[in-house]
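First comes the structure, then the notes that go with it.
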Amino acid sequence: MRRAVCPGSFDPVTNGHVDVITRVAALYDELVVAVLVNPGKAGLFTVDERMELLREAVAELPNVVVDSFSGLLVDYCRSHDIPVVVKGLRAVGDFEYELQMAQMNRELAGVETLFVPTAPQVGHLSSSLVKQIATFGGDVSRLVPEGVLDRLLAKREAS
Ligand code: PNS
């Protein structure tokens with residue numbers, strides 16, 4: 001079985017992530033979307049919430065599995081028998097850091113990284129910008145899946 005992993009913080013998942021996940025899922029038998037558990041960094045959404053939002057967003061993609069991981073990505077890959085990491089690249093700004101991580105992951109464990117250019121319509125999206133805009137009452141309805149929009153609005157009302 002050909003498997004790959006798309007790792008990330010996904011706090012929260014955006015339409016940019018969904019674009020990459022959808023296109024990569026079409027290339028593999030199974031695609032694991034893995035949410036990083038980072039105890040040192042509290043997000044807007046808990047890891048369980050992020051996974052739930054991801055599951056809703058990819059509900060129509062039968063070969064996509066949502067999971068979480070802590071520690072090194074290469075250890076997750078090794079223990080789940082996944083040889084390939086796939087990352088979306090928005091612009092050159094992403095490239096330098098992503099290249100460094102890709103080279104390190106290959107050195108550490110022989111895990112390969114493939115890069116997918118995001119669709120131009122979503123190339124400007126990031127979870128951080130979405131959170132910032134939503135916090136100050138801006139309209140993010142075209143930037144995130146419906147479930148995420150509902151949860152962002154609920155969080156705003158609660159605060
Ligand atoms: O969505 P993000 O925050 O850009 O995702 C970054 C992520 C989770 C892919 C990256 O931080 C990662 O792989 N973290 C796990 C820890 C690890 O393996 N670090 C060494 C990288 S060479």
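Glycine is treated like the rest: Cβ placed from N, Cα and C.
The candidate list GLU98, GLU112 contains one residue that TrEMBL assigns to the ATP site with SER9, PHE10, HIS17, GLY88, LEU89, ARG90, VAL122, GLY123, HIS124, LEU125, SER126, SER127, SER128, namely GLU98. DSSP assignment over the domain 'Cytidyltransferase-like' (5-132) gives 56 helix, 29 strand, 43 coil.
Of all the binding-site residues in the record (SER9, LYS41, LEU73), the one with the smallest CA separation from LEU125 (ATP binding site) is SER9. Across the residues annotated as binding ATP (SER9, PHE10, HIS17, GLY88, LEU89, ARG90, GLU98, VAL122, GLY123, HIS124, LEU125, SER126, SER127, SER128), the two Cα atoms farthest apart lie 18 Å from each other. Comparing CA positions across the binding-site residues SER9, LYS41, LEU73, LYS87, the one lying closest to GLU98 (ATP binding site) turns out to be LYS87.
Each residue contributes its Cα atom, and for SER127 (ATP binding site) and LYS41 (substrate binding site) these two points are 15 Å apart.
Of SER9, LYS41, LEU73, all annotated as binding-site residues, the residue with the shortest Cα distance to LEU89 (ATP binding site) is SER9.
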